[in-house]
Amino acid sequence: MNWFWLTLANAVVPVTMFCFVYFLPESPVFLLSKGRIEKARKALKWFRGAISSDHIEPELQQFRRGIDEKKDRKLSAKELFSPSVIKPNVICLALMFFQQMSGSKHLTFTAIEPRINAVVFYNVKIFASAGTTIDPNLSSIIVGIVLLISITISAFLIDKAGRRILLIISDSGMAIGLLGIGIYFYIKEQNAIALGERIDYCNSFNETGAELQSESTPEGYTWMPLASLMLFVLSFNFGYGPVPWLYLGELLPSHVKGFGAGIATAFSWLMAFLVTKSYEDFVCNLAPYGCYWMFAIISILGTVFCFLFVPETKGMTLDQIQAGFK
């Protein structure tokens, strides 16, 4: 399949989504803000799958109170820097930092945030430079399958296991996977040195950035890059992939949600750009194993941060979550 047909095949998903979005009801909160109460009731009933309006009436009234409060409330500079606003914003920004600085954008390209890492971005390059006996393109297909499985698992785990525990397990798994990739490249370099091969990571990317120079592949370890990358992808996608974005809607107060979510999203993609742009510099100055070990250390720090500072929001209402920051 050439690039034209591959691109055309990928266009099927967004076109299908575009067609189905037409049949989705408008947001109940938006409808309430415009005074369309009956349409908001019908929309909320559709989203909740409620049999009668009585089941959704308390939630509808809660939305109305929130909208009325937001209209009557002007955000002052003092309130903007209050603990109830600063704390959740800092947590959201920190989660975005650890998400991007784990190296996720080098190993997978996130096509539809906060949901599924659908297109393998850098892993063909990793497998090619690793020099394993496994075909790099086949390895990428395997990783893509793991992506699909892991995001499906996350849809069931988020509400059952809880957000915080998923983040901790996810970051721990990512760190182990990154350590494994780093160990493989370290052994590979030591073999190359023993055989007297020249190593020049700063000039190891060709004009297309397709792959690193080949050194001696360590026998008995050819399984390690694929296994480590699969562990990383699986761990990232059921925790640190979707959960930070979910926290934007749960932690941020309603009167600053739009502003705070915008800042966090811009920060996330800024970090993604900076880390991706610096990837070859990391490899040049730290060697591949040093680069992945750096990402692993950041993932470990992210685990500690989640354990100490990130609250569990499973089964809590938005009011209960906000009360925890006051």
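Each residue's number is its place along the chain shown, starting with 1.
Using the three backbone atoms N, Cα and C, a Cβ is placed for every residue, glycine included.
Source: prediction; values computed, not measured.
Pulled from TrEMBL:
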| type | residues | note |
| --- | --- | --- |
| DOMAIN | 1-314 | domain 'Major facilitator superfamily (MFS) profile' |
| TRANSMEM | 12-32 | transmembrane segment |
| TRANSMEM | 138-158 | transmembrane segment |
| TRANSMEM | 165-187 | transmembrane segment |
| TRANSMEM | 223-247 | transmembrane segment |
| TRANSMEM | 259-279 | transmembrane segment |
| TRANSMEM | 291-310 | transmembrane segment |
State, in range form, which of 12-32, 138-158, 165-187, 259-279 has the highest count of Cβ pairs under 8 Å to the transmembrane segment (223-247).
165-187
Among the recorded stretches 12-32, 165-187, 259-279, 291-310, which has the greatest number of Cβ pairs closer than 8 Å to the transmembrane segment (138-158)?
165-187
Considering every residue in the domain 'Major facilitator superfamily (MFS) profile' (1-314), what is the mean pLDDT value?
79
